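Enquirer: According to TrEMBL, the feature domain 'Kinesin motor' maps to 1-261. Annotation source TrEMBL lists ATP binding site at 13, 14, 15, 16, 17, 18, 19, 20.
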């Protein structure tokens, strides 16, 4: 990510197997930090060491609950019910790139600011107690670090994003013993995980022309992560209890399919228009000064942006 490549780390497994603990960590001890806080610590440590580039870091935190997207960092989140918030919606451009409408980006200049955003988002997550797990996350959450870098005086900008994904736990409805709202949530969770599995199966098959990304919001958002422009790592979490052996085997089989997928990550570079204009203005002014020396005339007019566009 620091070099300009997209990345994704996601945890998959049954409810109660340790996905959330792995991704976000425990709240009691510093040594129990999860992947997200450790990643933030590492990234900002590296940014401080590298003075050759100008870095800009932004954070977004998306929750997908019952197949609807919500912004966990929305300033109104704590004062409203989840359903009352503006929904995050998917927009697809002509190049089949996915854009998220109503998902806010928050700049973080240091590790402390980034961690505060993480803690705010975690506070707003949908969590409920089930017979399988005392604090079961009832939604999929995608914590994304957006990183931009450029060298001083250069017009080339590198953009990269790192998705850190905590998927809701798969669970068998009969085994989990839930009902009412929890049953509805379980159905949405299992359905979205089923669509994720269908995408993984399609990607692992050779000569498969159609990949069903659009079947669910989660697979649409993670489109690049699954067979696209991204370096992706999956963490399979397993339960040690004998009664969960079937779910553990299913998770291992899913991990085997994921291992067959080959992504093609490319360096994300582009020319910053504003920086290019400044460079051109400087170059033209230098040429004018040279011309003035040759002709004996002093031309000191500043080149305007309107003149450039003519």
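Including glycine, each Cβ sits where the backbone N, Cα and C put it.
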Enquirer: Grab the pLDDT values for the domain 'Kinesin motor' (1-261) and give me their mean, rounded.
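Expert: A mean pLDDT of 85 is what the model gives the domain 'Kinesin motor' (1-261).
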Enquirer: Three states by DSSP: which one describes residue 15 (ATP binding site)?
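Expert: Its secondary structure by DSSP: coil.
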Enquirer: Run through the Cβ atoms and count how many others sit within 10 Å of the one on residue 14 (ATP binding site).
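Expert: That number is 24.
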Enquirer: Near residue 17 (ATP binding site), which residues of its chain come within a Cβ-Cβ distance under 8 Å, counting only those 6 or more away in sequence?
Expert: 169, 237, 238, 239, 244, 251
Enquirer: If you skip the near sequence neighbours and keep only those at least six away, which residues in the chain come within under 8 angstroms of residue 18 (ATP binding site), Cβ to Cβ?
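Expert: In sequence order, 11, 237 meet the Cβ cut-off.
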Enquirer: Neighbour count first, Cβ atoms within 10 Å, every protein chain included; then name which of 13, 16 tops the list of binding-site residues.
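Expert: Highest number of other Cβ atoms within 10 Å: 13.
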Enquirer: Using DSSP and three states only, what is residue 20 (ATP binding site)?
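Expert: Its secondary structure by DSSP: helix.
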